């Protein structure tokens with residue numbers, strides 16, 4: 001069900017799936033086999049094999065990284081690496097020679113580096129790098145990182161395995177498979193990706209918390225870890241599984257060198273400031289280039305010597321140690337050595353120096369110039385591996401009755417470059433150990449001592465004598481971390497007493513209460529390697545000797561298994577990163593589509609209301625125009641009607657005037673004849689004047705009545721139009737209110753919808769994190785089970801070997817004790833032969849009982865060991881389960897906090913939006929009221945303008961004055 005939900009989260013619709021796209025630096029139209037010829041295999045990476053290829057035309061060599069890609073999405077995962085390689089032209093970064101995608105395989109052709117990776121060189125030479133070599137590598141890595149960071153590129157996987165060497169002594173930074181190319185200078189990343197042992201603390205935190213992203217400073221931390229790795233062959237905490245390493249990095253102090261006294265103050269200070277857990281105070285690559293540790297480096301001679309040594313011709317010589325027949329010689333030599341143990345001073349058990357390893361007296365490291373020029377001297381290098389030939393750990397011969405075993409030195413061999421002083425030191429060491437050498441010792445003068453970790457001895461109880469110390473396994477440092485120890489016992493033998501040397505050679509069996517003989521197979525063979533090479537015209541010869549032991553094979557096996565585990569983890573990280581990228585792309589697409597939809601909805605709503613407003617305004621205009629037309633018609637008709645009435649009134653008025661004239665004539669005719677003429681003339685003049693006055697008054701009165709009637713009609717028309725415009729304004733404002741209310745409602749709905757989408761996306765993101773975390777936990781449990789099974793199998797094998805070895809040891813000890821007992825009886829000379837035979841018989845019976853008791857003790861010890869081992873395995877699983885539960889719980893808590901913070905942020909945004917909504921409503925109402933007041937003011941001004949002069953139009957293009965043309 002969870003997997004189905006996971007697939008649903010990452011599922012995209014059909015139209016969202018990406019089509020095949022062309023990439024600038026990837027060719028699809030060419031088969032790489034037509035251009036390149038595979039001439040060999042270089043290695044097997046986490047995502048594909050790496051081949052050595054040769055250009056068919058130019059003959060140039062390249063490293064071909066061939067990756068099978070099943071889809072375009074997988075192909076896109078590697079495009080970042082190709083783009084980074086194509087855009088980074090730097091002398092210390094590998095160059096891209098071409099990229100091809102053909103037949104479902106991606107071919108990435110990069111520059112071929114014959115020197116190989118630094119970690120492979122260290123394994124080949126079986127030692128870490130010297131400080132001058134580390135300085136040159138560090139300087140060149142810093143220059144490469146400074147260039148990358150200036151291009152806004154984070155490497156994210158710095159380690160010795162990704163630092164390649166050329167024959168010219170320069171490095172090439174490689175493997176940009178998990179690198180990030182930012183778009184902005186201050187951009188940060190939150191992907192949990194990289195190799196755990198080299199991860200910065202801020203990157204580790206991104207496994208469960210994405211709130212603390214990291215930037216290019218993470219590469220500086222990885223650089224510091226890489227320098228420690230080059231000094232000690234292995235990175236810090238390499239003995240832990242990746243799960244514990246992440247916890248260790250996050251909670252512990254920054255790692256340091258195991259033996260700081262061997263290294264310079266500048267190196268230690270450089271590591272201190274580079275391994276700063278606070279990325280804000282951690283320096284950048286440009287700042288570290290000014291550090292005294294690397295600022296004065298101008299020559300790469302140290303790296304040229306390193307590459308020449310790694311690529312030099314090797315002459316190997318395997319020398320056999322004691323064979324089984326030599327055991328009898330060792331038994332015969334017991335009588336000779338017995339005198340030594342009796343005559344010399346009493347030797348206490350080797351617990352006096354049990355807590356002090358051989359590195360207790362390390363040689364002082366020399367300056368870089370001195371160490372480079374002293375190849376042939378035994379202790380000239382801090383690592384002590386370039387030219388050391390020392391005495392091998394002595395083989396333990398059978399001991400005396402007190403249970404003390406006597407050391408028998410192995411053969412000693414002299415290196416090609418040894419001078420006479422080393423021989424004197426060896427002779428002096430033998431002289432200090434005292435006594436005569438046994439014949440077995442005289443026959444083994446060619447073997448040389450191996451590295452301290454290779455000479456670790458095991459007791460029957462599984463305890464180790466590492467570097468000459470009797471320490472329990474929990475306190476003993478891991479083997480690979482001791483590979484850079486001093487020049488073994490050659491430089492320190494003169495200051496060590498006999499008791500210390502003896503403690504190196506003996507194996508203490510605490511439960512049996514006696515010292516047991518070591519397994520002869522442990523020192524069966526010695527491998528001597530002689531390397532001859534030329535640097536700057538000077539021929540250098542370096543001889544190293546190493547005892548081949550089972551521990552060597554175990555170390556190699558553990559290294560291989562750890563690489564396998566890291567490869568599995570890298571695959572999980574890559575898949576997780578791909579899923580995270582797909583989910584992020586899906587979320588971005590969802591947000592983009594949602595924003596587009598929101599914008600479309602808002603635009604559609606605005607368009608709807610704009611259309612309504614346009615329709616309303618158009619209707620208003622049409623209605624007003626129609627009303628104006630009606631009003632004009634009404635004015636003309638009213639003016640015509642009034643004119644007709646006034647004409648009739650004027651006609652009647654004229655008739656009345658005529659009647660008045662007749663009456664005046666009648667009155668004059670009634671006068672006497674002599675007065676008529678004069679009176680007629682006078683009356684007629686008066687009548688004419690009165691007629692004119694009355695006519696003028698009548699016409700003026702008619703005109704005034706007409707204008708008043710027209711004014712009333714115009715006022716009525718204007719009032720009617722004003723009412724209509726008020727009505728339309730109210731409708732328009734109501735429509736505007738509806739428009740804004742709809743937009744506000746949509747905004748609130750969109751806020752809610754966006755919050756729900758972001759919340760669901762956050763849940764999907766954490767669901768994916770939980771899914772990937774559970775997959776990682778399942779892989780970690782699987783690795784832990786394999787580790788526990790290996791430990792149990794190794795314990796069973798060791799117990800089987802001890803069980804098979806015990807009878808041989810008992811027989812050898814029995815012979816020795818019987819011989820010594822017979823010799824003591826012979827010396828004492830007491831009793832008859834029968835009594836001596838009886839004593840020998842009793843002694844033999846006691847020996848049988850003692851041996852039987854030892855076998856029972858061994859069986860009981862093996863049972864206890866197995867029980868403890870099973871308990872330890874169960875404890876490992878329980879601890880792992882607890883750590884995984886804590887991570888899951890932390891992830892759930894963080895998800896809860898993020899969801900809560902998201903809800904609070906949404907509520908706050910909603911509150912702020914509502915708070916801003918009130919002023920918006922108020923501003924809208926004020927704007928609408930202002931428009932209403934402006935309209936009323938316009939109408940009022942129109943009325944006032946019409947009052948003093950009725951003939952003046954109140955509103956242009958809407959109200960027209962009365963004119964004589966209206967009446968016609």
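Cβ atoms here come from the backbone N, Cα and C positions, even for glycine.
Residue 157 (active site, proton acceptor) carries neither a helix nor a strand DSSP state and counts as coil. Annotation source Swiss-Prot lists active site, proton acceptor at 157, citing sequence analysis.
Per Swiss-Prot, ATP binding site is recorded for 42, 43, 44, 45, 46, 47, 48, 49, 50, 65. Remark: residue 48 (ATP binding site) has 65, 66, 67, 68 as non-local neighbours, by Cβ distance under 8 Å and separation of at least 6 in sequence.
Feature annotation from Swiss-Prot assigns coiled coil to 573-947.
Per Swiss-Prot, domain 'Protein kinase' is recorded for 36-294, and the stated evidence type is sequence analysis.
Annotation source Swiss-Prot lists region 'Activation segment' at 175-224.
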*Do you know offhand how many angstrom separate residue 157 (active site, proton acceptor) and residue 44 (ATP binding site) by C-alpha?*
17
*Over all shown protein chains, what is the count of other CB atoms within 10 A of the CB belonging to residue 44 (ATP binding site)?*
11
*Whole-number mean of pLDDT values that fall within the region 'Activation segment' (175-224)*: 82
